[in-house]
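What TrEMBL records for this protein:
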- 1-31: signal peptide (SIGNAL)
- 63-89: transmembrane segment (TRANSMEM)
- 82-224: domain 'Sodium/calcium exchanger membrane region' (DOMAIN)
- 109-128: transmembrane segment (TRANSMEM)
- 148-170: transmembrane segment (TRANSMEM)
- 182-201: transmembrane segment (TRANSMEM)
- 207-230: transmembrane segment (TRANSMEM)
- 326-344: transmembrane segment (TRANSMEM)
- 356-374: transmembrane segment (TRANSMEM)
- 361-514: domain 'Sodium/calcium exchanger membrane region' (DOMAIN)
- 380-405: transmembrane segment (TRANSMEM)
- 467-485: transmembrane segment (TRANSMEM)
- 497-515: transmembrane segment (TRANSMEM)
Amino acid sequence: MVFNGFYFLHALPNIAFLLLFFFFLTTHIHSLNSPPSEACKSLDTMKTKQQCDVPQGYINYLYIYYCTCGGYPLLGHTLLFLWLVVLFYLLGNTASQYFCASLESLSRVLRLSPSIAGVTLLSLGNGAPDVFASLVSFAGSGTGEVGLSSVLGGAFFVSTVVAGAISLFISGKGVTIDRSSLLRDTCFFILVLCSLLAILISGSIGLWGSLCFFSLYIVYVFVVSTSHLCTKKQLEMGVPLLDGIKVEEPVCTQSLTVHQCQGCFNLVFQLIELPLYLPRRLTIPDVSEDRWSKPFAVASVFLSPLLLATLWSSQTGVEIGSKNSMTLFLLGGLAGMVLGITALETTESSNPPNKFLFPWLAAGFLMSVVWAYITARELVSLLVSIGVILGISPSILGLTVLAWGNSIGDLIANVAMAVNGGQDGVQVAISGCYAGPIFNTLVGLGLSLVISSWGVHPSPFVIPNDLPLFETLVFLIAGLLWSLVILPSREMKLDKVFGVGLVSIYFCFLCLRISESLGILQIGDFFHL
């Protein structure tokens, strides 16, 4: 019997979830008969704006830290860190296992060309965590800076560290990349960042300005499609790569097969994974061939309307048990029964449905978006709460923790693709280091700005103004200029000079942020900010 480390790595977040669940269960029972501690009482005295603007997720993290953990701050920090790991795992795994699978099948059903699929669905699959985090942060009160920071921080990390790592790993092989693609992507990205810089300097944006910023992505898609048609090069960025870029493989569906469940360790890990796997599997319709299960399919279409009803009740402030909530649950239950009976009668046990495939894919896409939204909302709420507890600006956490957590998958996937995919793999990986951030910036931030400005129309929407955002933009543009200057001068070869330069730019940015956080250097004093 061989110990499978793959299952062990995927079981770690589930083990953390189980430990947290039992801890909170026992402490909740104990707190019912215990008076509130002094640390818990101090929670009521918080009056600063930063503390009042903590977004209301589904869990009150300040209560957990100050009341549940009381006089044990180290325990509180540990619990919040473990839960942060669980949320990052949930967001990334939901995007890769369910969201990307729906996008892959939708691209086939809609018969999108590889170029269009590459800059739309592929980018959406890669950037889903950043997009959802941005949307959720702008929806919360006073947390828009978290969304801005996470998207810009992720774009900076991918275009410097990831691109630099690719160059370092394949240096010496003499691999070159396409000049026209690099010039197109980097120049357009600089244009996007300059537009965003103008928006930040103005401090506000109206509905039409938000729509114009968002529509820049339509222009980018048109430019990419036109360049592909003119050069007659159909880069294989579309449907096949949606499988190739996945960082996390569907662990539990693999473990559900007989041949991959051998051994005591694998059986134990399969049971451990159930708490995080089963709720999503029971509410997200999945018609992919390798994961098809009729019982799960019927259960998912029955339970998904109930989950939507629950989410709608929580979002609109409807009290559980009230007449309105009971009406919502009744309608959701009736819709679920109709859909469940229909699925039971029209599907086979051995094969996924071939007819009426689009409704199944649309439902899977919708529910994966719902789960990503729920997780992203909780993740943003946790990060802002950690900022309150540690006295760290939420924008700093967005630039670092949230950006790193959402971009680590790009680092692993793009480097693996470049190392193992040959010349074409390197081209796709490098292109993804620029096309992905363009998508996240224009769609993630653009859509967030459109929704936010729509909510206050005809008044302009006030943009969160924070010095680290300007610093990130300046360093990000510097990294793009480095790419524009170095690569053409070195005949488009990816070597150590290019890679070390990009990583050094990011390292200098981190040193600046650390110096400012420690009070060693204050750039804002020079500009009176």
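Using N, Cα and C of the backbone, Cβ positions are placed for all residues, glycine too.
Below 8 angstroms of C-beta separation, residues 156-157, 159-161, 163-168, 171, 396, 399-400, 468, 471-472, 475, 478-479, 482-483, 486-487, 490, 521, 523 of the same chain, each at least six residues beyond the ends of the transmembrane segment (497-515), sit close to that stretch. For the transmembrane segment (148-170), the neighbouring stretch richest in Cβ pairs under 8 Å, chosen from 182-201, 326-344, 380-405, 467-485, is 380-405.
Sequence-distant neighbours of the transmembrane segment (182-201) (same chain, 6+ residues past either end, Cβ-Cβ under 8 Å): 159, 209, 213, 216, 220, 223-224, 227, 430-431, 434-435, 437-438, 441-442, 445, 449, 463, 465, 469-470, 473, 476-477, 480-481, 483-484, 487-488, 492.
Counting residues 6+ beyond its ends, the transmembrane segment (467-485) has Cβ neighbours under 8 Å at 145, 148-149, 152-153, 155-156, 159-160, 163, 182-183, 186-187, 189-190, 193-194, 196-197, 200, 393, 395-396, 399, 498, 501-502, 505-506, 508-509, 512-513, 516, 523-524, 529 in the same chain. Each residue in the domain 'Sodium/calcium exchanger membrane region' (82-224) gets a DSSP state, and the totals come to 123 helix, 3 strand, 17 coil.
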